[in-house]
Amino acid sequence: MADIGDAGDIADGAHTTPGRDGGAHPLVVLVGPPGAGKTTVGLLLAAAHGVGFRDTDADVETRAGKPIPDIFVDEGEPHFRALEHRAVADALADHPGVLALGGGAILDPATRALLAGHHVVFLDVDLADAVKRVGLDAPRPLLMGNPRARWRELMAARRPLYTEVAAVTVNTAGRTPEDVAAEIGHTLETASHRARPEPTTPEKDVKR
Ligand SMILES: Nc1ncnc2c1ncn2[C@@H]1O[C@H](COP(=O)(O)OP(=O)(O)O)[C@@H](O)[C@H]1O
Ligand SMILES: O=C(O)C1=C[C@@H](OP(=O)(O)O)[C@@H](O)[C@H](O)C1
Ligand SMILES: [Mg+2]
């Protein structure tokens, strides 16, 4: 799938993160709830670093040939989640730039497992800012009805999952997308903030 806003080849290869399999893996993966700014900040971050930007929501829509709300209505959320898992797996395997995930991608345990070893940043936001940003904005099927109540419920259930997969949390409340992108850029320069370690083999599974 083509990158959005790809800045072209990076001459010195400095922005390519080689994976264990020799493929190119994302420089950074953004997670967080709807309205955290994953898409907005991701585009800015990619431009600042001269790398491509990819968003799994856009990949899912391209593959399905329809907007996300239509997928929810026509095929249901489980089908959307299956498409989303595939989109995340593909992008983690071959996208060397900035990758933004849909807010619920981390609900799938298999997707969380795939994120191990990647530089994952959790964009945190409070209810007031999130609702200001997305409340009555473009359609997000999971916020339909009462966006404030739905968002609060989603965040309560997901916060532990965002922190589980992320090496770094950046609070975005009251901050501009430019400021948030700059802070993420700093985390990329700090060795101690690199990706969380991959899980070790559970003791019970070790063959003696
Ligand atoms: N830090 C921010 N401050 C103010 N508005 C923001 C910020 N980040 C994003 N937005 C706005 O909020 C809306 C949702 O942002 P988006 O990037 O689509 O969030 P996400 O992808 O996390 O759901 C957009 O209208 C965007 O311009
Ligand atoms: O939180 C969610 O479950 C969803 C978030 C959306 O993406 P954003 O987080 O980019 O809004 C999109 O993937 C879909 O509507 C479901
Ligand atoms: Mg988004």
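Placement of Cβ uses the backbone N, Cα and C atoms for every residue, glycine included.
According to TrEMBL, the protein has these features:
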type	residues	note
BINDING	G35, A36, G37, K38, T39, T40, R140, R175	ATP binding site
BINDING	T39	Mg(2+) binding site
BINDING	D57, R81, G103, R158	substrate binding site
COMPBIAS	1-14	compositional bias 'Low complexity'
COMPBIAS	191-208	compositional bias 'Basic and acidic residues'
REGION	1-25	region 'Disordered'
REGION	182-208	region 'Disordered'
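Selection of the binding-site residues G35, K38, T39 by a Cβ distance under 6 Å from ligand 3 yields, in sequence order, K38, T39. R175 (ATP binding site) sits 22 Å from R158 (substrate binding site), taking the C-alpha atoms as the reference points. Shown in sequence order, T39, I68, A100, G102 are the residues of the chain, 6+ apart in sequence, with a C-beta less than 8 angstroms from the C-beta of D57 (substrate binding site).
The binding-site residues recorded for this entry are R81, G103, R158, and the Cα of G103 lies nearest to that of G37 (ATP binding site).
Residues from the binding-site residues list (T39, D57, R140, R158) with a C-beta closer than 6 Å to any atom of ligand 1: T39. For ligand 2, the nearby binding-site residues are D57, G103, R140; that is, of D57, G103, R140, R158, these have a C-beta under 6 Å from one of its atoms. All protein chains included, R175 (ATP binding site) registers 17 other Cβ atoms within 10 Å of its own Cβ. Neighbours of R158 (substrate binding site), defined as other CB atoms within 10 A of its CB across all chains, total 19. Binding-site extent for substrate: residues D57, R81, G103, R158, maximum pairwise Cα distance 18 Å (rounded to the nearest whole number). Counted over all residue pairs in G35, A36, G37, K38, T39, T40, R140, R175, the record's binders of ATP, the longest Cα to Cα distance measures 23 angstrom. Most other Cβ atoms within 10 A: among the binding-site residues K38, R81, R140, that distinction falls to K38. Among the binding-site residues R81, G103, R158, the ones whose Cα sits within 10 Å of the Cα of G35 (ATP binding site) are G103. Nothing from the binding-site residues A36, K38, T40, R140 places its Cα within 10 Å of the Cα belonging to R158 (substrate binding site).
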